[in-house]
Amino acid sequence: MIGFSFSIVTSWSALSGVLVVGVESGGPPVMIWSWVGVCAVSLAVAYSMAEMCSAYPVAGGQYSWVAILAPKKWARGLSYVCGWFMLIGILSMGAVNNFIAGNFVLGMANLTYPEYTIERWHAVLVAYLICIVAALSSIFLPHLLNRISKAILIWNICSFFICFITILATNDHKQPASFVFADFQNSTGFNKAYAAIIGILQSAFGMCCYDAPAHMTEEIKDARKQAPRAIVMSVWLGFLTGFVFLISLCFCMGGIDETASTPTGVPLIAIFHNSTGSVAGTCALTSLITVVALVCANSLMTEGGRAVYAFARDRGLPFSRALSRVHPTLGVPVAGILATAAVQAAFNSIYFGTVTGFNTVISIATEGFYVSYAIPLLVRILSRVSGDKRERLDGPYSLGRWGLLANVVGFTYLAFAVITFNFPTVDPVDKENMNYTSAASFKFIQDISNQAE
């Protein structure tokens, strides 16, 4: 289960997929120090969620915990909102991962054949292909999930060591320590403080999705121990691998402008090529990460199918009867997986028309997860301060007296992050670079409110 969870969190490769955000908004110092800070507070969130998961191991995860732990008059409404944000986070993150994996493939093609120009529709079609393969494997090869999880954990860790050791060993023109740890880079047009806040978003994106084991609890043995441990361990592994990899990338980075505007569309590929000086070597290293992203696509498809199934089983979705069925022969929620694939493809289709629209999907993906994490933490805080009889949760991961501190620290960070996800990232702001996350979130909340009536 740790392998399954880390294949989704896989922070070191996730950070490389959105590297351009950190490069332009504060540069290496913000990327590195914000990563340390984000991971520290994310551990508070992870331990809080692990405590609830060990007490209530159900496939619904955070929305089920809210339904159980919230005051009765608020439980239904809060659980419903939490479930929808959880679902939109999982589904949109799957689309984002498909896009990132596709970008790696197209970036390698551009590096190998410089005359090839990457078009937006190329990226969408490759994302479609990844989505289809992930859906088919989730439907017809679920019996291989445990083996794949174990194998990808080994592949993930080995790829991490191969990538960072290779670029450090081959790069003979490394950046000075001052560039990595002190020199502030700002291409946003905003002041330094604002740019630093925007730069934190890269770290926030790289450290989420660690709720995945909670949605698999009904299919694993000893779920009260295994799932919470996987939640916590995926954050620890993500922190350590992400920290080392970020420092390695920053030392081996070329010029900021050159890295951010690489024709491959992937700054990581530019850094690999700047270090190795070899197209073949760069493609070999990028291929290692591409495999991680492809397996992540399968894991997110599996998680999404289970989340749709669980929410439909609790009658939280339209067409709940159909979406909550488990195929009698295959033993998986086929309708839930197909619905997940359809929504992912729809999100990817936005890139046909607008880059800004798809960037909004990236923000919504992280915001969806973070809101769904924040609601159960808020419920736990209210339970503790109000003296609710369920103040202490029994389970292998009970936090005891440290629970309130973890809940408060985690909730404070999540609330801050959810607000900053709505900030514009470039000044001057116009209709092309505006951050439409707040508008999309408002429309989403309006829609689920109308459905609830």
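The backbone N, Cα and C atoms fix where each Cβ goes, and this holds for glycine too.
Quick look at what Swiss-Prot lists:
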{"type": "TRANSMEM", "residues": "2-21", "note": "transmembrane segment"}
{"type": "TRANSMEM", "residues": "30-50", "note": "transmembrane segment"}
{"type": "TRANSMEM", "residues": "81-101", "note": "transmembrane segment"}
{"type": "CARBOHYD", "residues": "N110", "note": "N-linked glycosylation site"}
{"type": "TRANSMEM", "residues": "121-141", "note": "transmembrane segment"}
{"type": "TRANSMEM", "residues": "151-171", "note": "transmembrane segment"}
{"type": "CARBOHYD", "residues": "N186", "note": "N-linked glycosylation site"}
{"type": "TRANSMEM", "residues": "193-213", "note": "transmembrane segment"}
{"type": "TRANSMEM", "residues": "231-251", "note": "transmembrane segment"}
{"type": "CARBOHYD", "residues": "N274", "note": "N-linked glycosylation site"}
{"type": "TRANSMEM", "residues": "277-297", "note": "transmembrane segment"}
{"type": "TRANSMEM", "residues": "330-350", "note": "transmembrane segment"}
{"type": "TRANSMEM", "residues": "358-378", "note": "transmembrane segment"}
{"type": "TRANSMEM", "residues": "403-423", "note": "transmembrane segment"}
{"type": "CARBOHYD", "residues": "N435", "note": "N-linked glycosylation site"}
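Same-chain residues lying 6 or more positions outside the transmembrane segment (193-213) and placing a CB less than 8 Å from one of its CB atoms are 1, 4-5, 8-9, 11, 14-15, 18-19, 21-22, 25-27, 30-31, 34-35, 37-39, 42, 46, 49, 53, 61-62, 86, 89-90, 93, 184, 186, 226-228, 230-231, 234-235, 238-239, 242, 299-300, 303, 362-363, 365-366, 369-370, 372-373, 417, 420-421, 423, 425. Cβ environment of N274 (N-linked glycosylation site): N171, C252, M253, G254, T259 lie under 8 Å away, each six or more residues apart in the same chain. With a cut-off of 8 Å between Cβ atoms, the residues of this chain six or more beyond the transmembrane segment (330-350) that come close are 90-92, 94-96, 98-99, 124, 127-128, 131-132, 134-135, 138-140, 142, 301-302, 304-309, 312, 322-324, 357-358, 361. A contact links the transmembrane segment (358-378) to the transmembrane segment (30-50), because at least 3 Cβ pairs that are 6 or more residues apart lie under 8 A.
Only residues 6 or more beyond the boundaries of the transmembrane segment (121-141), in the same chain, are considered here, and those with a CB under 8 A from a CB of the stretch are 94-95, 98-99, 101-103, 105-106, 294, 297-298, 300-302, 305, 330, 332, 334, 337-338, 340-341, 344-345, 348-349, 351-352. The two recorded residues N110 (N-linked glycosylation site) and N186 (N-linked glycosylation site) have their Cα atoms spaced 28 Å from each other.
Comparing 30-50, 151-171, 231-251 for CB pairs under 8 angstroms to the transmembrane segment (403-423), the maximum falls on 30-50. Annotation note: N186 (N-linked glycosylation site) sits in a strand segment as assigned by DSSP. Below 8 angstroms of C-beta separation, residues 15, 22-23, 62, 180-181, 184, 195-196, 199-200, 202-204, 206-207, 210-211, 214, 228-229, 231-232, 234-236, 238-239, 242-243, 246-247, 250, 373, 376-377, 380, 397, 399, 403, 405-407, 409-410, 412-414 of the same chain, each at least six residues beyond the ends of the transmembrane segment (30-50), sit close to that stretch. Here N186 (N-linked glycosylation site) is positioned 18 angstrom away from N435 (N-linked glycosylation site), judged by their C-alpha atoms. In the structure as shown, the Cβ atom of N186 (N-linked glycosylation site) sits within 10 Å of 19 other Cβ atoms.
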